[in-house]
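Novice: Feature table excerpt (Swiss-Prot):
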type     : residues : note
TRANSMEM : 3-23     : transmembrane segment
TRANSMEM : 45-65    : transmembrane segment
TRANSMEM : 99-119   : transmembrane segment
TRANSMEM : 132-152  : transmembrane segment
TRANSMEM : 157-177  : transmembrane segment
TRANSMEM : 187-207  : transmembrane segment
TRANSMEM : 213-233  : transmembrane segment
TRANSMEM : 242-262  : transmembrane segment
TRANSMEM : 293-313  : transmembrane segment
TRANSMEM : 315-335  : transmembrane segment
């Protein structure tokens, strides 16, 4: 596939997803698939929860128009379709966490049993020897599926953030896969971005506040599952184009935020799934930034971490264990900042005041 053909297909996918969103939001309002404001959700009015359904429709359209051979795409669509359906039911009726976890385990088992996708190896992340998981890899894979889905679900807290972080992750994967000649998987990653961008435009209100939509659990579940599916295809096997440790950098911010949040909740004796306002975007907004500024800052941080992962992947002289050590160092720094969020917030507020004062003095002089 040449670049012109890929670009043309991506434009078609973008236009289809945009048109589908406008149609789907009207249907969602009629059937009650909307998000209502409450004590945790500060938006105004009823917002259609159709972002995830639109992304899934866009992916189906992408598979329909491309000539690329996507491995096990029928199984993926069946699993993803089930997750989107259950996610939409949860968006509409707020179903049990146990039911959602069971369905996530079900699609994870199908992915391993039918497609043969599971974590056989962690590569050379722990030294010069390869870390082969053997039968234990099936258990680790189920946990990875659950972790990826919930990591992306938990960052969906302010406008644009889930879409921005998703585009960073799929963009990094797409670049590495394209450079490795894996055109079908690269197209899949770029198609995900093409389906997500229309959602971002509407979610941020860039096409008018009255057209605003949310992703919903259907969308965050789909994005997390798609990310882990592609990463398993790209990091496992003898000729894998991406090292397993690079996957950590690609989804760094969602992963770090999820681990930090769950650790903090468990320490307080709370359920790890109980809602609160302690996510990274909440902490940044408490430091005096707007939700739009928090979205930009977090997305840029995710892009920086993903770029480090991409560079580490390309520079073959850097051992995988060094990349793991650097990631753990970045995670410790993240945890330190989150644990002392009030100090960080106070420092940022003081810095912003000094900058405003300096700017004011400059204008007066």
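Every residue gets a Cβ built from N, Cα and C, even glycine.
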Novice: Near the transmembrane segment (3-23), which residues from the same chain, at least 6 beyond its ends, have a CB less than 8 A from one of its CBs?
Specialist: 50-51, 54-55, 57-58, 61-62, 65-66, 183, 186-187, 190-191, 194-195, 197-199, 201-202, 211, 213
Novice: For the transmembrane segment (315-335), which recorded stretch in the set 45-65, 99-119, 157-177, 187-207, 242-262 gives the largest number of Cβ pairs separated by under 8 Å?
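Specialist: The stretch with the most contacts is 242-262.
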Novice: In the same chain, who gets a Cβ under 8 Å from the transmembrane segment (132-152) while lying at least 6 residues past its ends?
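Specialist: For the transmembrane segment (132-152), the nonlocal Cβ contacts are 83, 101, 104-105, 107-109, 111-112, 117-122, 162, 165-166, 220-221, 223-225, 227-228, 231-232, 251, 254-255, 257-258.
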Novice: Relative to the transmembrane segment (293-313), which of 157-177, 213-233, 242-262 accounts for the most Cβ pairs at distances under 8 Å?
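Specialist: Counting Cβ pairs under 8 Å, the winner is 157-177.
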Novice: Taking pairs 6 or more apart in sequence, does the count of Cβ pairs under 8 Å between the transmembrane segment (242-262) and the transmembrane segment (157-177) hit 3 or more?
Specialist: yes
Novice: Would you confirm whether the transmembrane segment (187-207) and the transmembrane segment (99-119) meet the contact rule of 3 or more C-beta pairs below 8 angstroms, pairs 6 or more apart in sequence?
Specialist: no
